[in-house]
Amino acid sequence: MKTLLLTLVVVTIVCLDLGYTLKCHNTQLPFIYKTCPEGKNLCFKATLKKFPLKFPVKRGCADNCPKNSALLKYVCCSTEKCN
């Protein structure tokens, strides 16, 4: 009986497909974050290139790493709250 119950629990978990959701910071403050929507598997952080202090000006989730611009340098990562 216990084996049957355990099997049902495992099958339920597999069928639910609990899926992995990435959490990324989304403000300049390092303790505020959001869960990324499906398909957004990267966190990014943008800093000003010409400014001596490299504090982030923009953070969030992305499906692809944004390209650097004349003003902003982007750094991407794929682990929890890595930006």
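Using N, Cα and C of the backbone, Cβ positions are placed for all residues, glycine too.
Swiss-Prot has this to say about the protein:
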- 1-21: signal peptide (SIGNAL)
- C24-C43: disulfide bond (DISULFID)
- C36-C61: disulfide bond (DISULFID)
- C65-C76: disulfide bond (DISULFID)
- C77-C82: disulfide bond (DISULFID)
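Secondary structure from DSSP puts C61 (disulfide bond) in a beta strand. DSSP assigns C76 (disulfide bond) to a strand. C61 (disulfide bond) and C43 (disulfide bond) are 5 Å apart (CA-CA, integer value).
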